[in-house]
Every structure is written in structure tokens, then in C-alpha cells.
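The domain 'Cytochrome oxidase subunit I profile' annotation in TrEMBL covers A:24-524. The feature transmembrane segment is assigned by TrEMBL to A:35-55, A:75-105, A:117-134, A:154-179, A:199-223, A:243-267, A:279-301, A:313-337, A:349-369, A:389-409, A:421-444, A:464-485.
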Amino acid sequence: MTELAESHTTADRGYLTEKGFRSWAYTLDHKRIGVMYLFTTLLFFFVGGMFAMLLRLKLMTPGPGLISDHTYNVFFTLHGALMIFLFIIPAIPSALGNFFIPIMIGARDVAFPRLNIISYWIFVAGIIVTLASLSSPMDTGWTFYTPYSARTGAAVTTLSLGLFLVGMSSILTGINFIVTIHRLRAPGMTWNRLPLFIWGMYATSIIQVLATPVIGITFLLLAAERLFGIGFFDPAKGGDPLLFQHFFWFYSHPVVYVMILPAMGIISEVIPVFSRKPIFGYRAIASSSLAIAFIGFLVWGHHMFVSGMSSTASVIFSFLTFFVAVPTGIKVFNWIATMYRGSITFESPMLYALTFIFLFIAGGLTGPFLGALGTNVQLHDTYFVVAHFHYTMMGGTVMGFFAGLHYWFPKMSGRMASERLARVAWWFIFIGFNVTFFTMFILGLKGMPRRWAEYPPQYQDLHIVSTVGSWVLAIGVFIMFWNFAYNLFRGRPAPANPWRGLTLEWQTSSPPQTENFAEIPVVTDWPYGYGKKDDKGSRSKE
Amino acid sequence: MTETKHTTEQQGAALETAKLGIWAFLATEVLLFGGLFTAYTVLRVGDPQMFHTEYLKLNRLFGAINTVVLITSSLTVALGIAAIREGKTGTLKRCLLLTILLAAAFLGIKYAEYAEHFARGELPRTNNFFSLYYMMTGLHAIHVFAGMAALATMLVMAGRGKFSAEEHTPVEITGLYWHFVDLVWIYLFPLLYLIG
Ligand code: HEM
Ligand SMILES: [Cu+2]
């Protein structure tokens with residue numbers, strides 16, 4: 001390994017030195033692949049966001065207004081499906097995971113670099129097929145429940161096949177990460193010294209590998225149902241519509257942890273760095289990720305309380321659901337304990353990390369209302385649900401993602417973003433978010449159903465408030481990405497370790513050189529030893 | 001990127017890494033088929049009588065022959081791997097070719113079977129039993145086909161002298177995949193053809 005390293009000279013723009021389309025399209029470098037995923041998923045964040053703005057605009061008036069009911073159905077389906085399948089599920093794992101997993105464990109690349117680039121192109125192929133379905137867009141909601149989805153004239157088959165490909169890409173990436181984490185850790189990087197982001201990604205990969213095939217077969221069955229007229233899910237043909245829902249939620253519940261665990265991993269990195277304290281309860285945080293992954297597989301039925309499942313099954317699912325709260329609570333407790341008496345500074349990554357904790361708790365605390373049998377029946381399919389999942393998904397995962405972007409922007413781009421602009425953006429996002437979505441809790445409690453294009457006029461005032469909130473939020477997001485885009489070219493050059501972190505990615509240049517390290521580091525301590533020794537952020541190499 | 005000399009130790013590590021990868025992949029395959037097995041269970045419980053009368057229409061002889069064909073092909077792959085571990089490229093090539101032919105025979109028989117059912121009007125949409133039959137055997141056949149493609153790639157690589165006693169990780173991985181494809185059939189055959 002050492003001979004290899006010595007022949008290597010660090011060019012000033014690191015892995016970004018080489019230019020041209022081909023040098024990206026055929027690259028085997030996990031960093032470049034991560035960057036490509038980042039741009040691809042962000043594109044769909046913006047497209048999905050556009051649909052969100054249109055939905056909110058439409059909902060300002062109770063009547064038919066701007067767009068027809070059918071168009072509204074199409075819009076919320078596209079908004080949901082794009083956000084879920086093309087943004088929030090792949091964004092952190094495929095983009096930031098690809099970029100940082102090898103570096104943070106001290107490896108030169110992932111275990112299967114060729115498979116990595118193939119997964120990316122499968123992902124793109126999946127997107128293209130998915131977009132082809134826009135010829136007659138989906139109106140089923142992102143859950144495409146049968147029997148409606150088996151009969152509607154929309155291009156469900158095409159979309160199913162597109163998402164099958166997206167899922168395949170996600171499986172291959174998951175396998176690549178698992179093997180990388182098992183096999184390529186640097187000398188001294190024991191499981192007990194693994195950064196918590198890696199633990200989060202490890203648990204995530206396990207879920208991806210075990211849950212995604214089930215949605216894959218579901219999509220295939222749905223496609224076959226439409227293509228060959230078979231009737232697995234159609235009661236008229238002796239099929240069972242509940243079977244579809246079981247399949248769907250067996251995947252889709254664990255997948256909410258694919259969305260949240262990587263974000264939690266980021267938070268676990270950011271909190272100790274900006275509190276300058278050793279992380280509290282390292283083992284508990286690491287093992288709770290695995291626990292969440294495991295329990296996550298047992299609770300899917302809580303989405304089906306009103307679907308006509310047996311009541312025994314409902315009670316069991318309801319009971320198990322409360323269990324997921326335990327490992328989640330452990331994490332939140334440990335983050336707060338880490339901050340306690342730390343010397344906290346509020347740079348942008350920390351601001352977003354704290355926002356994550358705050359909004360995620362709000363989302364989390366409203367979960368039990370939905371998890372409990374009695375209130376679920378009352379709140380099912382109202383705006384309460386819409387508020388709940390936006391608080392957890394957007395307030396949680398997306399804020400975690402933003403924290404990660406601010407934290408790692410200097411490392412990825414080699415430039416510093418503007419802290420001042422980041423703060424301005426944060427204010428807009430924080431206020432806009434709460435105005436938009438807190439209003440939806442109230443709407444839900446007042447009985448406003450979800451997925452309705454038209455609604456009784458007494459809800460209009462709150463809808464107007466929510467829509468105005470969405471504009472503030474959008475301005476914030478715009479400022480944030482302006483900050484990144486501008487400083488990608490104009491920002492002042494970033495030092496190797498701007499936040500004085502102790503994990504390995506800060507031990508290499510910004511941006512990292514092609515093979516990550518001049519010399520594979522030897523790890524002698526865990527990465528959270530702040531305050532004890534060596535607080536300058538440099539790790540002794542032996 | 002710089003080409004480094006492979007030491008035996010590195011080769012061993014590469015094989016371990018690749019094996020971990022293929023095992024994880026096979027776990028996903030198990031879950032993919034698992035969905036169909038679940039569907040089979042649920043739908044059968046819903047209408048046991050229909051499943052009973054329909055299963056009698058399957059051609060047990062074709063099924064049995066195909067089982068023998070696939071088990072034999074598992075053996076030929078295993079022999080090929082044993083050979084290359086000792087550096088015998090010639091034997092490896094013969095074994096790979098034999099395996100590919102057996103896989104082709106399997107698909108040929110499957111085709112005859114499908115043709116027979118189609119002629120009798122037993123289509124995927126006929127009823128849930130036949131839907132399942134076509135989905136399960138069809139998905140399996142796709143896997144057989146993919147396996148054939150992988151085996152053919154190995155044959156070409158072997159022809160170009162890419163493998164030796166020290167360096168043959170891809171062959172081992174392909175072999176594992178092929179065993180998995182056989183294994184799925186070992187479950188499908190009794191489930192569809194033998195259990196009334
Ligand atoms: C810019 C901020 C956003 C706004 C203003 C917004 C607004 C909305 C609205 C109005 C609906 C439709 C409610 C209904 O009629 O039932 C909706 C649904 C949904 N949103 Fe968002 N959203 C935003 C961001 C996100 C993000 C970031 C995600 C995911 C990561 C997301 C995921 C979903 C999902 C899954 C649905 C459900 C779609 C369905 O019912 O099939 N949203 N959102
Ligand atoms: Cu759930």
C-alpha cells in the first residue's frame with residue numbers, strides 16, 4: 001500500500017482536478033460518484049419542491065380554482081413519489097455515504113468501485129423510466145394501493161418498473177457499503193472506534209438490502225397484474241388486496257428508517273464537534289441504530305389499522321410500534337447529554353443539527369397519537385398525518401441532510417461557504433417550516449382530510465397561513481443553495497479541518513486527493529475524544 | 001491507477017470480500033422470491049380447493065427431468081471450481097461449457113412446458129394458481145438466463161487465460177450464484193408440482 005501512496009502527488013484541486021464529462025461518467029472514484037448522486041437527488045428535491053409549492057398555491061382557495069381535482073391528484077402523487085423515491089431515500093446514503101464512508105474508515109475506495117458506478121447508472125435508468133410514466137401521470141398517491149392502481153389508466157406499470165430499477169440500485173449500494181465497512185477499515189479502526197455516521201449507514205444498508213427486494217417483487221407483481229391480467233391483489237379474481245398493503249408496508253415502514261438513520265448519523269457527528277465534548281453513550285447510539293433497524297421490520301402493520309386487518313394483529317402492531325420509540329429516545333437523550341456543559345458554538349452545521357432535534361421531537365411526539373389505536377382511527381388521513389410526516393421527514397431527515405451539507409461542504413468542494421448567508425437562510429427555513437407545517441397540525445385536529453383538492457371554506461384561513469409559510473421556506477432554501485453554488489466557485493479555500501473534527505475525513509486535504517490519503521492512517525483512538533487530549537483535531541499517526 | 005502485484009494474501013482477502021458481497025446479494029434474492037412464496041401461501045389458504053385441482057395439470061415428468069438437469073449442472077460447476085483451484089484451466093473450460101449446455105436444456109424444457117400449457121389455454125390470467133406458476137417459474141427462468149450469461153462470461157475469460165490457481169475469484173462467485181439458482185428450483189419443484 002505504501003509504495004502506491006508515494007507515487008501519488010497531491011494536486012491542488014484533489015479529486016476534482018480531472019475535467020470533462022468522461023472523467024465523471026466512467027469514474028470509479030467513490031467521491032465523484034457521491035457528487036453525481038448529490039446533484040441528481042438535489043434536482044429531484046427541487047422538482048418535488050416545485051410541486052409542493054403548486055399544491056400549496058392551489059390550496060389557498062377552497063374551490064376548484066387553479067387546477068382540476070385530477071391534476072391535484074397527479075401533483076401530490078408526483079410530489080410524494082419524487083421526494084420519497086428519488087430524493088429522501090437515496091440522498092444521504094448515496095451522496096454523502098458514498099463520499100464519506102470510505103474516507104471515514106480510512107479506505108481508498110468502496111469494496112466494489114465498478115459496481116458503484118453501475119449502481120449510479122442503474123439509478124439514472126430508473127429515473128428515466130420513472131419520468132417516462134409522465135406520459136399519463138400517476139394519480140394514486142405515492143402508496144399506489146391496489147385495486148385502484150391495478151385499474152387506473154395511468155402509467156403504473158412504467159412507474160413500477162422505474163422504481164424497481166431505482167430499488168435495485170439502492171440494494172447494490174447497500175451491499176457495497178456493508179462489505180466496505182466490514183472489510184476495508186484502516187488498521188486500528190475497530191468496531192468500537194467506528195464513527196457514528198458509519199454505524200448509522202451500516203444499519204441503513206442492512207435495511208436497504210433486506211427490505212428493498214420485497215418492494216421490488218411487489219412492483220413486479222403489480223406490473224404483471226396490469227400486463228397479464230393476473231389477480232393476486234384483486235378480490236374479484238380471488239386475490240387479496242391486503243396482501244399488497246402488507247408487502248408495501250413491510251418495505252415502506254423500515255424505509256422510514258432508511259430516511260432517518262443516516263440523518264441521525266450526521267447529527268451524532270456534528271453534536272460532539274460543536275460541543276467540544278466526547279459523545280455521551282457511544283455504544284448506546286451505535287447499538288440503537290441496529291435496534292431501530294431490527295424493530296423497524298416488525299411494525300409495518302400500524303399503517304393498516306383501518307384496512308380490515310384482524311384486531312389481534314392490530315393490537316400487536318400497535319404495541320410493537322411503541323417499542324421503536326425506545327432506541328430513538330436513547331439517541332435524543334445522548335445528544336442532549338453530550339451538549340450538556342459543552343462549549344457549544346452555533347456554526348451552521350450545529351444550527352441545523354439542533355433544528356433536527358427540535359423538529360424531530362415535535363414530529364416524534366405526534367407519532368404516538370397515530371400509533372395508538374384509538375386516536376389513529378380519528379386522525380387517520382387528516383392533515384395531522386401530513387404535518388406529522390413532514391415534521392419527521394423534512395424537519396428530521398432534510399434538516400439532518402442540510403446539517404451534513406454545511407458540515408462537509410468545505411471538505412467536498414475545498415471552499416468555505418458563507419456563515420452569514422447560512423444563518424440568514426436558516427432563519428427563513430426555520431420560521432417558514434413551522435408556519436407551513438404547524439398550521440397543518442391544527443388543520444388536522446379540526447378535521448381537514450388529506451388529499452382533498454377542495455375543502456369546506458372554514459379551513460381557508462389556516463390554509464392561507466400555511467401557503468405563505470411555504471414561500472418563506474422556499475426563500476430560505478433558495479438562499480441556502482445560492483450560498484453553496486456561489487461559494488463553490490468564489491469561496492475562500494477551505495483548510496483541511498475547519499471545524500477541528502477528529503474523524504478521519506478531516507485528516508486529509510480539502511478536497512481530498514484521488515485516493516483519499518497519502519498514506520493509509522493508523523487509528524489509535526475513537527474519534528470523539530474532545531477535551532481529553534489532542535484537541536487540536538490532529539490524530540497521531542504511528 | 002497503478003497496477004499492484006497480487007500476493008496470495010491479497011488474493012485471499014479479495015475472495016473474502018467478494019464472497020461477503022455475493023452472500024449479501026443472495027440474501028436480497030431470497031427476499032425477492034420470498035415475496036412470491038408468501039403470496040403463494042396467502043392465496044392458497046384463500047382457495048385450497050382450486051389449487052388442488054389446478055396443480056394436477058402441471059407436467060410432473062418435465063419438472064422432474066429439469067430437477068435432475070439442474071442438480072447435475074450444480075455438480076459440473078463445482079467440479080470446474082475444484083479444477084481451477086488446482087490450476088487446470090482446460091477442465092474448467094469443459095465444465096463451464098457443460099454447465100451452460102445443461103442450463104440451455106433446462107430452458108428448452110421449460111419452453112416446451114409453457115407451450116403445452118398455452119396450447120391448452122392455461123394462461124397467466126387463467127387463475128391464481130397459474131399466475132403464481134408463471135410468476136415463480138418465470139422469475140426463476142430469468143435467473144437461469146442471467147446465470148448462463150455469467151457462466152458464458154467466465155468461459156470467455158477462461159479462454160483468455162485470466163484464471164489460475166491463485167486468481168479465480170469471479171469463478172467462485174459465479175459458482176455460488178449458480179448454486180443459489182439451483183436451490184430455488186429445489187424449493188419450487190415440490191411446492192408447485194408435488195404438493196396437492
Ligand atoms: C417545501 C416544503 C413542502 C411543502 C410545502 C409540502 C407540502 C405538501 C402538501 C400540500 C401535500 C399534500 C397534502 C394532501 O393533499 O394530502 C404534501 C404531501 C406529501 N409530501 Fe410534502 N411538502 C414539502 C416538502 C416535502 C418533503 C421534503 C417531503 C419528503 C421528503 C415531502 C413528502 C410528502 C409526501 C410523502 C406526501 C404525501 C403524498 C401522498 O399523499 O401521496 N414533502 N406535501
Ligand atoms: Cu410505519
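Backbone N, Cα and C atoms are what each Cβ position is placed from, and that goes for glycine too.
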Considering only the recorded stretches A:75-105, A:199-223, A:464-485, state which has the highest number of Cβ pairs under 8 Å to the transmembrane segment (A:154-179). A:199-223
Looking at the stretches A:117-134, A:313-337, A:349-369, A:421-444, which one shares the most CB pairs under 8 Å with the transmembrane segment (A:389-409)? A:349-369
Can you say which of A:313-337, A:421-444, A:464-485 has the most Cβ pairs under 8 Å with the transmembrane segment (A:35-55)? A:464-485
What stretch of A:75-105, A:313-337, A:349-369, A:421-444, A:464-485 shows the most Cβ pairs under 8 Å to the transmembrane segment (A:117-134)? A:75-105
